[in-house]
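Please read the structure below before turning to the comments.
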Amino acid sequence: MTLQQQIIKALGAKPQINAEEEIRRSIDFLKSYLQTYPFIKSLVLGISGGQDSTLAGKLCQMAINELRQETGNESLQFIAVRLPYGVQADEQDCQDAIAFIQPDRVLTVNIKGAVLASEQALREAGIELSDFVRGNEKARERMKAQYSIAGMTSGVVVGTDHAAEAITGFFTKYGDGGTDINPLYRLNKRQGKQLLAALGCPEHLYKKAPTADLEDDRPSLPDEVVLGVTYDNIDDYLEGKNVPEQVARTIENWYLKTEHKRRPPITVFDDFWKK
């Protein structure tokens, strides 16, 4: 088995999908989890205005709507959380995503004050954060807020990780990577677009250039610039297609060096890191 085949198998990626079937699969997955653990009353998700959180948010709300109708349990809710750092440049996209999702509840937590306070405390301890590390601080602050909300609403935190993100480890460890349940896992980027199109999402929300937008020195830096490959390259690779050798090498290097991000904390029983 080639490394490409191993990666595809590990991430559960498929060369083709039926959008309606995958929508139903994700909704039923969320519903089954909530029904298995009836003490869970809410799904909590940060909404950025990008493709992934828009899709995950819509699926969450659809799952909650169906469960309420089927069970009569009106205590169930989906909580969409806006988590800007100061003023977000694409705030209108966030509002458009909220309008599309129609969440039960919307909360806004501006993380800038908390991030600056943490940075100052570290500075006083003799640690000066780089712009890159400050970006990770933002991601972790966002997740901290979501877990606080989930804790106060008997909820779980929903993630947006998918195959095209997991393969490169393009998430912050214990930031956006630290979630309870990931309904998009298995899909690649273009497949996520297919689901949003089938759901009637405004096109500009899934045709915009993806960006983590964590760095102050390089605002709205496209993911593809950081990764050195395009999402079309990554999706082709995940679909088992032939890609240029340099593209395959870049993707595989990302996968291998970020293996630790896709695993629980390393113990004495782990040996993957010795390869």
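Cβ from N, Cα, C; glycine included.
Within Lys31, Lys144, Lys189, the residue that Swiss-Prot lists together with Gly46, Ile47, Ser48, Gly49, Gly50, Gln51, Asp52, Ser53, Thr160, Thr211 for binding ATP is Lys189. Record check, Swiss-Prot: deamido-NAD(+) site residues include Lys173, Asp180, His260, Lys261, and the candidate from Arg140, Arg142, Arg218 also listed there is Arg140. With respect to Cβ neighbours within 10 Å, the binding-site residues Asp52, Asp180 differ, and Asp180 shows the lowest count.
Thr211 (ATP binding site) falls within a strand segment according to DSSP. Of Arg140, Lys173, Asp180, His260, all annotated as binding-site residues, the residue with the shortest Cα distance to Thr160 (ATP binding site) is Asp180.
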